[in-house]
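Working notes, beginning with the structure itself.
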Amino acid sequence: MTHPLQLGFQDATSPIMEELLHFHDHTLMIVFLISSLVLYIITLMLTTKLTHTSTMDAQEVETVWTILPAIILILIALPSLRILYMMDEINNPLLTVKTMGHQWYWSYEYTDYEDLNFDSYMVPTTDLKPGELRLLEVDNRVVLPMEVPIRMLISSEDVLHSWAVPSLGLKTDAIPGRLNQTTLTSTRPGLYYGQCSEICGSNHSFMPIVLELVPLKYFEDWSVSMT
């Protein structure tokens, strides 16, 4: 969950986000080790009493600093490609939801149901109830079942938007005339907040996304009440 003055990532709520957090830690450790080594070498170069330190010519050293970066890049690229393919793979989704971006709200359509669609607008600050989040609450939440694969189809009716929910590791561009897709699977129930992450006009900051992940039985009851 998120909290005020948070500096790190939100807690992972999907297998993809857990993989992304592990990859971030893996890459950050490599960057930290490289930075420490470079700073150590610079310090030695500045403090050594030896002369002609800038005219060294050693074939072995040049070979090492050519091969070593290639190995490091491979160690970063392989897990990155694995996650990339995992994010692109969608196997037998239980539910498909079509999302359309507008200036400046989202509309949703549950394509597996005959007449289940709605628009989702931000709740103005003056209408917020105690405990609700400013600029993040909507009048119609996207209710989805947890622990099942869900396919999101994302597009736009006017300008570029981006449908992003950080705790689920989701960020997909909404492009006019193009239908993008992504998959989500939540491992726990709750409310998950996101926002449009592509500058789309004067009210870009007022396009929140709220997903309400519930057990399958509650989702079925909700879908019946909405149709």
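Note that Cβ sites are derived from N, Cα and C of the backbone, with glycine treated the same way.
Taken verbatim from Swiss-Prot:
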| type | residues | note |
| --- | --- | --- |
| BINDING | His161, Cys196, Cys200, Met207 | Cu cation A1 binding site |
| BINDING | Cys196, Glu198, Cys200, His204 | Cu cation A2 binding site |
| BINDING | Glu198 | Mg(2+) binding site |
| MOD_RES | Tyr218 | phosphotyrosine |
| TOPO_DOM | 1-14 | topological domain 'Mitochondrial intermembrane' |
| TOPO_DOM | 46-59 | topological domain 'Mitochondrial matrix' |
| TOPO_DOM | 88-227 | topological domain 'Mitochondrial intermembrane' |
Q) Which whole number is the mean pLDDT over the topological domain 'Mitochondrial matrix' (46-59)? A) 72
Q: Might you list, by sequence position, any residue in that chain lying six or more from His204 (Cu cation A2 binding site) with a Cβ less than 8 Å away from its Cβ?
A: Trp104, Cys196, Glu198
**Q.** Positions on the same chain near the topological domain 'Mitochondrial intermembrane' (1-14), where near means CB under 8 A and six or more residues out
**A.** 20-21, 24, 166-169, 184-188, 190, 192-193, 213
Q | Count of other CB atoms lying within 10 Å of the CB belonging to Glu198 (Cu cation A2 binding site) | A | 18
Q.
Return only the integer: C-alpha distance in Å from Cys200 (Cu cation A1 binding site) to Tyr218 (phosphotyrosine).
A. 35
Q. How big is the gap, in Å, between the Cα of the residue listed as 'phosphotyrosine' and that of Met207 (Cu cation A1 binding site), rounded to a whole number?
A. 26
Q) Three-state secondary structure of His161 (Cu cation A1 binding site) from DSSP? A) strand
